[in-house]
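Engineer: Here it is, the structure in full.
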Amino acid sequence: MAVEDMDKKYRISDIARELQVSPQEVLRFVKEGGAKVASTSSMVDSEMRGLIFAEFSNEKKMVDETRKIRAEKQLRLTRLEEQSRRAVEKEQILRETLTPSPAPPVHEPPVRAAAQPAPVPVAAGEAPSPLAPETPAPATESAPAVAPAGVPAAEPVSEALSAPLPEPVPEPVPEPPAPEVVAVVEAVPNDQIVSYDAPKNIGGLTVLGTLDMQSEADRKKKGKKKNFREQAVALKDEFETPSSTTLDEDGVPKKKPVAGVQPEGFGVGKKKGKKKKPAVDDKVISANIRTTISGMDDSSGTGSRSKFRKQRKMEREREQEEADLLRESEQQIMRVTEYASPHELAELMGVTAKDIIQKCFALGKFVTINQRLDKESIELIALEFGFEAEFISEVEATAVEAVVDRDEDLETRPPVVTIMGHVDHGKTSLLDYIRNSNVVAGESGGITQHVAAYEVTASNGRKITFLDTPGHEAFTAMRARGAQVTDIVILVVAADDSVMPQTIEAINHAKAAGVPIVVAINKMDKPEANPEKIKTQLSEAGVLVEEWGGESQCQEISAKKGLGIEELMEKVLTEAEMRELKGNFSKDVPATGVIVESELDKGKGVISAVLVQRGYLKVGDPFVAGNIMGKVRALMDERGKRIPSAGPSQPVSVLGFEDLPQAGDVLTVMASDKEARDLAQKRQIIRREHEFRRSTRVKLDSIARQIKEGLMKELSVIIKADTDGSIQALADGLMKIQNEEVKVQIIHQGVGQITETDVLLAAASDAIIIGFRVRPNVNAKKLAEKEDLDVRFYSVIYHVLEDVEKALEGMLSPELHEESLGSLEIRQVFRVPKVGNVGGCHVLEGKILRDAKVRLLRDGVQIYDGMLDTLRRFKDDVKEVDAGYECGVGLKNYDDIKVGDVVEAYRIVEKKRKL
């Protein structure tokens, strides 16, 4: 049997469901363990199942503990609400009971006179009381016990009005009135606290009897407050007004015998049932005492000036206490944006990113330092460190009230479609074909300007809006800012290739956003196309097409030849019909939209592509987008034509922004310019506060100072090199550099030129970038300057290790700063006898100097570093060539130049270090 158990297979998704964790996390763990599995539907053996349970059991315990804590908290809240409700009800009963108490002095003489001749009618009058069902039981039980000592209480009641001594009276025994006396004396103990009830008022006695109807648990709870009750009675006796003590003839001595009679055993239940009122009176009594004492102190002062000084001092102390309490509570509240990274959380909570990542591992979440966390994970991590997470954003200050959409304003709107997939699988070709097929007559030259969003019309006349986003990174960035704009995702996969890692990432992002996927299998015109293989791999990745019993629609296409494009559009429209996409087309509703892309035009200023989601955006509308305000100066469609307004799901280019907004920011139309400006300023304050909490950028120059100040624990490094061997050598050398206070941590390494992704990663994790024989592209260089990042370039491994080691020791020599002069592109190569190869070049930017140093870049990788041999223009040697001009260039001792190569000119400038 043991062998059979070992051979038994378990599905990964079933194990994840049993452990209550994400199947993707379990799949990732299994892959890291070396097992060959393709998807969450794959099977594992018993041994691997045991390893999975050992790894993720902590997370299941955490989930169970969290649920248990929530249940206990809810139970405590329920009990507190029930106790407060009971207290209010009993206090109300006491107030109703005490309301008629001033009347007894009027009826008291007749009651005393008639008590002896007609006791039976009084008992009969009490018997039909609505409280009789439960009251007789304790009365009859107490009667035999009281018979020897309680029967003579008929005379103590009458004598209590004249003398406070009940003990000498018990000897005379009037037998006939005994039953009546038991009823009368039984009610008297309830009046121990309130002197009004001492008279034998029948109505008052009957109502007070209701306090007997209490559960045993309540009696026990109130019994614990006995000491406080006795203190309250004593205090009230001292501060009681004369009117309340002289309601009866010789009222004061009358209260004392009642207190002496009660402990003899027949009023115990009612004594406990009455204990709620002293708890209420306690607060009133203590307040009266404080008022009296403070009044005495004030009256004994030297004058109004000292009295005012004391009051001001007390107020200041009270305000200081409140401020201290508020400050302590605010220190434990962490204001953070959703989808924050472990690095940002560490900065806000004053811990290291390593601690955050370790907590995530303990919770079963495998994260990196720059990976964005969801809301639930941030809350759990904050609780682990004793903080309460309060999620904010720069748009949380939005004072715009959401107007409820009326049914009559809702109409069917065009779907918004995003095309995602691997870069080489034909995504761009599909976009180009769809765009070019919708060029109107008269625009035979095609669409010259590129826009991020455009609207096309299908063959049946229905419209579809396409978003041209650069991969799933932009898709995620927009979702991270709360902008859910995409309705449908078209996933492009090449039929002659396979499902690539980027394809799987796109699938995961679409699923996380809850967006349906329409699969487009491209390149079906190629002979090696194998769509069945693609469908199999997609099913392993969690996307099952309709032909195989799934929910995702699939269409085989050829973007190059236009095969299947119309069918793909029809399936997209079918998916949109199933989702019943509606939009508010009312012209009275303030318009809202989402920023898809922004750019800065030299002549027009800031131009942003906006996708309207609600209402109509019109020329002249004041608006707020993120923390940027503006006023619509012009609206243009994707072909540059001016339009007066734009409705839901319609892409439009907007002019009128004061600054560049970010992609994903929500544009909201405001009632006036003043409201828009005030709202933008509030959001700017919040954003500045959040950015202020983050640390400054790490520089290699200032590492030693930060180490001394205790601000630096790890030096994060990103390595980009020309070959994998260089990366391994650099990584091994850097990891060996150790210091007592700091160590080097490589957070990313890769082959190829430095890209924008590397710069963004360095900005998010406060890292420096080391480029070994590679250079950044133009956009990455500009972004690094904007983010103020430290990017360094080397060609010798020893120099890298030496600089980093010296930086850690605070012994950096003066810096040799590289100043970029310009760049040119080789357009043509000429062979010159006795000289070698000469490039016919076009200067792209800057200025090329004859005596400048140059480097030759091919596909972003450095090939040559040296000097210029010749610089000519029209057969003449020149000293410099400006941007936009053509020239001939020869490199010193180097002939291997090709068309498309880029030559960068630079010079070395010495710059003093600042420590």
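A Cβ is built for glycine as well, from the same backbone N, Cα and C atoms used for every other residue.
Note that the structure is predicted; figures quoted are calculated from it, not measured.
Among the features that Swiss-Prot reports, GTP binding site is placed at 421-428, 468-472, 522-525, with the record citing sequence analysis. Positions annotated as compositional bias 'Basic and acidic residues' by Swiss-Prot: 83-94, 314-328. Positions annotated as compositional bias 'Low complexity' by Swiss-Prot: 111-129, 137-164. Swiss-Prot lists 165-177 with the feature compositional bias 'Pro residues'. Marked as compositional bias 'Polar residues' by Swiss-Prot: 293-305. The domain 'tr-type G' annotation in Swiss-Prot covers 412-582. For 83-177, 216-280, 293-328, the entry in Swiss-Prot reads region 'Disordered'. Feature annotation from Swiss-Prot assigns region 'G3' to 468-471; the stated evidence is similarity to another entry. Residues or ranges marked as region 'G4' in Swiss-Prot: 522-525.
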Engineer: Can you break down the region 'G4' (522-525) into helix, strand and coil residue counts using DSSP?
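Structural biologist: Its residues fall into 0 helix, 1 strand, 3 coil.
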Engineer: Among the binding-site residues G421, D424, K427, M524, which residue has its Cβ surrounded by the fewest other Cβ atoms within 10 Å?
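Structural biologist: Among the binding-site residues G421, D424, K427, M524, the lowest count of other Cβ atoms within 10 Å belongs to D424.
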Engineer: Should K427 (GTP binding site) be counted as helix, strand, or coil on the basis of DSSP?
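Structural biologist: Assignment for K427 (GTP binding site) reads helix.
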Engineer: Calculate the per-residue pLDDT averaged over the region 'G3' (468-471) and state the result as an integer.
Structural biologist: 58
